[in-house]
Structures are given as C-alpha cells and as structure tokens.
Amino acid sequence: MSWGTELWDQFDNLDKHTQWGIDFLEKYAKFVKERIEIEQNYAKQLRNLVKKYCPKRSSKDEEPRFTSCIAFYNILNELNDYAGQREVVAEELAHRVYGELMRYSHDLKTERKMHLQEGRKAQQYLDMCWKQMDNSKKKFERECREAEKAQQCYERLDNDTNATKADVEKAKQQLNLRTHMADENKNEYAAQLQNFNGEQHKHFYIVIPQIYKHLQEMDERRTIKLSECYKGFADSERKVIPIISKCLEGMIVAAKSVDERRDSQIVIDSFKSGFEPPGDFPFEDYSQHIYRTVSDGTISTPKQEGMKIDAKTTVGKAKGKLWLFGKKPKGPAQEDFSHLPPEQRRKKLQQRIDELNRELQKETDQKDALIKMKDVYEKNPQMGDPSSLQPKLAETMSNMDRLRMEIHKNEAWLSEVEGKVAARGDRRHSSDINHLVTQGRESPEGSYTDDSNQEVRSPPQQHGPHNEFDDEFEDDDPLPAIGHCKAIYPFDGHNEGTLAMKEGEVLYIIEEDKGDGWTRARRQNGEEGYVPTSYIDVTLEKNSKEPLFMLLSCFVSSSLRNRHYIPVLWRYH
C-alpha cells in the first residue's frame, strides 16, 4: 500500500490532503491552548477563593480554635494544593503537548513544501520532454508531407512528354532533398520519442513514487505525533491524580477531625466568667417589728412622733433605673485585665505568665551561651575579646531582671484573682447555708417570729382620709441593703450608670454581682450605681438596719392606700 503506485495521478488531491492534515494539527494545538487557559484560570480562581476565605491572622487571639474552623482551613489548604496541581497540568500541557505541536507543525510545513516542489519540478521536466517530442513529431510530419508533394511533382513531370529534361532533373533533386530531410526528422522524432518514453517511465515509476512516499511518511508521522499528543494530554492529567487524591483524602481527614464535644468545651473555656450562679433570695421577715392587735377589726395610726413619715426624706423617687442587663459601662483595657470577669482574667494572666516564662528561658539560654563563649575567649584570646561580650551580657541580665519583675507582678495579680474567687465562693456558700436555716414559726397572719410572747397590743386608731401622703410613694420603692462594702481602690465612675468612689469609702450593697463583674451599691445620701466587684471588699448581712425606716414607711403607705389593717410593730432591737 503506497501512495506512489496507487495514487500516481492524484498529485493535486495529495496536495489538498497534506494541507488538511497540517490544518487539523494546528486545530488540535489551538484546542490544547484553550484547555491550558481554562486550567490556568481555574487554578487562579481557586487560589483567589482560598485567599478570600482564609483568615487574616493579626494576633494569636484571632487564631481558629474550634475544630470545625480548623477543619475548614485545612480544607482550604488542600484546595490550594489542588489548585497548584491544576497549574502543573497547565504547565505540562504547555510544554509537552502545545509546544511540541507548534514546533512539529512548523517542521511539517517546511517538509511538505519541499516535497511538493520536487513533484512540481518532475512534472515540469516531463512536460518539457513531451513538448520536445511533440515538436520533433510535428516537424517529421511536415517534412513527410513536403517529401510526398515533391514526389508527386516529380512523377507528374516525368510522365509529362512536354516537360523538359531540366525540369524533371530539378524535380528529382527536390524530391531527394525532401526525402533526406524527412529521414532526418524521422530519426529526430524517434530519438525524442524514445527519450520521452524513458523520462515518462522514470517519472511515474521512480520519481513520483519516491516523492509520494515521502509525503505518505510525512502524513503518517503527523498522525503518530497526534497520537502521542493525545496520550501526553491524558498523561498530564493522570500524573497529578495521586496528588489530587491525597488532597481529597486530606479533606476527608479534616472533615473527620471535627469534634463537637471539643468545640463545646472551647466555648466554655472561652466565655466562662468564674462566677457562681446566683443563689435563692432569702425570705426577709419585716413583720418582726410590727405589734399584733386583737382589736375588733378597726385600726388607727400611731400617735408617736416617730411614726410620722416625711416624704422628703425618702429616696423612693430615683432619677433613673439601673438594670443589671442594661447599658454596661465599658472602660479601657487594663494592664492587669481587671476589666474582665475573674475566670477570663485568670486565663489571660496565666497566658501572659507562660509567655514571660518562655521569654525568660530564652534570655537564660542566651546568658549561658554568652558565659560559655566568654570562657572560651578567656582561655583562647586569639578567638575573640572577652570584654566585647560584656555589653550583650549586661543587656541580657537586665532583660532577665525585667522579665522576673513582670512575672512577679502578674503572679501577684493572679493570686489576687484566685483568692477573691475563692472568697466569693465561700461567702456564697455561707449565704446558702443561712438561707436554709429555719427563720421562725409562721404566725396566723402569715408573718414569721421566733417567740410569740413578744407580741404587744396597741390601741387601734383609724387613719385619716386619702391625701397627698399617698402620692409620695407612687414611684418605685428603693431596694433594701443586703450588706456593705469597702472600696479597696478608687473608681472614677465616668460612664453612665456607674458610681464613683474613693479608696476606703463604705457603701451599702443593694444588689450582688450577677456574674458580669459589677455590683450595685448606694451611698448614705441615696445615690446609687454600679461599681467593679474587684475594686471592693463585700460583706453580706442577713438583716440590715439601714432600710428599716424606709420599709416601715412603704408598708404604712401601702396600708393607708389600700385601707387594710396595720399589724402592730415588733420591738426593734
């Protein structure tokens, strides 16, 4: 199967076919180029996606701690590696496939042009031989006709009796000349014909088959090159499959590493304040100071001067409410983390102490290294001057002293925090015990007392009509004091809802710390506000005498408004 023997007369079609082969090669090269661009854009978009969702870590506090976040960031890293493998595929296709195709296409065009030029030259030479043979043939044919005419003329004159001998002799000479020329042209034509037949045989059996064979080999090499490029196209993808599989396995491992229990524990460690939940409110029996009466059901207001209530002295009318979960004052971050809850403050201080200890260890190692180097220099002066190390050694010692002071200061703060947390727990435990103690027997009217013999009778007296005395208690009643505190540190109290205090100042506690690090307190003049719990020393009391007059006033006012009986007061000790 050879183009030279089977397609000896299809030069133009072979010209078109070889041109189509080169065009198809370039078409596939264009396809590979577009695939490379797709891979490059895909890898670029993947990297941009990873960059968009990767965390920007500006500090250690912002580092991901939850296993779900860490798994997601590991998946992003694996996806970034996957994008790198897509870039590898693009580079492999560009160098191994596309580049090779473009170089081979250029060589193929050059070779095809050379073979086609050789075929055209062979055809032109055969055409030239045919023209020479045809010219000799035509010339021989013309001379034969002239010789035939000369013979006819000679025969006519020879048979004509009227023709002279000279005319006959001249015709004979002309016949001989034309016959001789015809013989020469015959020999020339035969030679040209033989030459043409030889060249034609050589053209169709040697030259053209050789040229077509080269074209066939060229086209087959083009086909083989396409096959190799197809394989290289697939191999470029197959080479990265193991690494891509590892990336996908890494994503699966990251997904399996998510631990919901550990994340829940991290939430606890991150936001635990260290405060204990508030205990039950104890029952406060205000009826212990009210005298019972066994009258016929009528009541009258006491006539004692001490029972007259001055509405101007009450602190019931407050300018504003202070709520525990309302607007919190936000102060600047303190060096000792006193703005944080106890548990978070303890963790921050512990972290700082650990960091300082690591820095101290580095400085210690550097000092030991400098001392060893100094000893070496003293033993071998040619290696260096021992005095040159003295400034660096002094600087290291200074840094060590500074770090030790910092560690000592932070350890003192840590001890303070741990001590206050323990003291708060003890006080809360004591309060819970007091709350569980029986507070007395219940009287028939629902009040509690320790001894029923302490009851005294008071003459009943009806109260007067409703007047402005009732309006003085229309506002919210002030909270009773549940203890007192002493300011350990001064507090400015510039923020809304806070109460300024001086060091050593004693305040009433009207609301305990609910876990946010703030305690509600009141001065003796009735001014209320929140103060930092870590700035005060709290002492809780079961009963406080300070709000007695206020409570009695509220109770009497409520009784007067509702026209109820007023129980007699207990003797106040």
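Counting starts with 1 at the first residue shown.
Note: Cβ is positioned from N, Cα and C throughout, glycine not excepted.
Bear in mind that TrEMBL entries carry predicted annotations, made automatically and left uncurated.
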Residues flagged as coiled coil in TrEMBL, choosing from 311-345, 346-380: 346-380
Residues of the parent chain within Cβ reach of the coiled coil (130-174), under 8 Å, 6 or more residues beyond its termini: 181-182, 184-186, 188-189, 191-193, 195-196, 200
Counts by DSSP class (helix H/G/I, strand E/B, coil) across the domain 'REM-1' (339-416): 72 helix, 0 strand, 6 coil
For the domain 'SH3' (480-541), the mean pLDDT of the predicted model: 87
